[in-house]
Structures are given as C-alpha cells and as structure tokens.
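A short write-up of the structure that comes next.
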Amino acid sequence: MASFFGTITNLFASINPFDTRISTPASRLFARAAPSTLVLLIGLDESGKSTLLREYLSPRPESVHTLITERHIILEELQAGPTTFQAYDIGGCRPDFFWWFEEGLFKRADAVIYLVDAADRDRIMEAREELIMHGLQANNGGMRRGVPLLVLVTKTELENARRPDQIETYFIDNIITSIGDRPTKVAGVNLTTGKGVLDALSWISNTLLNGPQSIVESEKAALTEKSEILRDSRRIT
C-alpha cells in the first residue's frame, strides 16, 4: 500500500508543476504552510469537493489533475505552492480495497475538510458514518492525533437544507468521543456565491500555522520512519 501511494505522489509531481505567480484568494491562505502540507477534501459524491477545488483553490482548470487507477479509484489533486490539495469521493458500495485507500488518505493528511451536503437529508447518516468509520476510528488508518477537521456544510442556500448548527450537533456534539481533542469547526458555505468560503478556509489555514503542530509533525515523522524501516526490510529479504 505504501508503494501504491508513492507511485501516485511521484506521478502527480511529474505532471503537475505549480506556477507560484498564479494563485487565488483561497489558495493564498495556505502560502505560508509548511512544505509538503497535505489538505484532504473528502465527502460523499455531489457534496462540492470538485467545485471547491476547481473554482476556489485552483487558478486555472489545467492545474487540477485527475488520476484514475486500474481499480477505478479516482483522485483529484492540485499543488499550490507548499500545499497539496487532494479531493476524493467516499461512500457507497465499494470493495474493501477502497476502505484501505481511504483510511490511508485520512492518515497522511495534515488537515481534513469534510464536505457535507446540507440538502441531502437521505444520506446525512451515511456521511457521518463514513467520517467515523474511515476518518476517526479506523483500525489501521484514519486521522492522526491533532490534525484539524473542518466540516464544510455546502448547499446551505437550498430550501430544504439543514442549518449548520444542526449539522454541528449531529456531526460533532453527538460523536465527541470519536472527535477527541483535535481542532474542529463546522462552517456553512454557499459555493455558488462564495459566501463563507474564505472565512472557513482561513480557519483551517490558521490552525495549520498556529495549532498543535508539534503533535502532528512528531506523528508524521514516526509514520515516515516506520515506512522507511519497512522498505529497508523488504530490500534485505
């Protein structure tokens, strides 16, 4: 699995050069992030991940690259200065292999933006369960301790949409044991007009700069060291 993620990283690095002279107001919020910072945009399909990535974070359409693997895993990526943004659909019926891949995405992320469609009342429970199972309580993956979580509530302008405070109760207050002590925020946005987007992204960029990075960096270093040990052991055998 580690080699699989390495292949993806190398592929994107080779085809996705970033022109630092071109940026957007949203991507500039992350300009002072630590090198190789990874922000994961994840949620059920149609929750707004591609819109956020392509219309707010990306300076031009060709800056976003899409990888489709032989197992039909689809991952979108944008490199903006020191920060890499990855967007991925979670949920639905899928093979176990997808679960391992998704938990690996959560585990490698330095910040997670979990998008929730406020108008999709039929799948609100599924959205929460996916976050718990693969993001917060995964056995072999999931978010590292101290990694900030932004629950971005989209389509709040629609008539039948749940209010952000209702989403906060359902996603945060009711699963506080799973959330733990990580920095967490719920923010409602309108991706059609842009209302609330910069405020929400400002929170996560500021948290990356000023939050408990000693915890994040120490656990990330331990993960890297473990991967190197495993790689070296394979060479010996």
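Yeah, the Cβs are placed from backbone N, Cα and C, and that goes for glycine too.
Automatic, uncurated: that is what TrEMBL annotation is.
Per TrEMBL, GTP binding site is recorded for GLY43, LEU44, ASP45, GLU46, SER47, GLY48, LYS49, SER50, GLY92. Around GLY92 (GTP binding site), the C-beta neighbours below 8 angstroms that are at least 6 residues distant in the chain are LEU44, ASP45.
What TrEMBL records for SER50 is Mg(2+) binding site. Close to SER50 (Mg(2+) binding site) in the fold, though at least 6 residues off in sequence, lie GLU76, ALA87, each with a CB less than 8 Å from its CB.
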For LYS49 (GTP binding site), nearby residues of its own chain (Cβ under 8 Å, 6 or more apart in sequence):
LEU41, ILE42, GLY43, GLU76, ALA87, TYR88, ASP89, LEU115
Over all shown protein chains, what is the count of other CB atoms within 10 A of the CB belonging to ASP45 (GTP binding site)?
13
Rounding to the nearest whole angstrom, report the longest C-alpha distance spanning GLY43, LEU44, ASP45, GLU46, SER47, GLY48, LYS49, SER50, GLY92, listed for GTP.
18
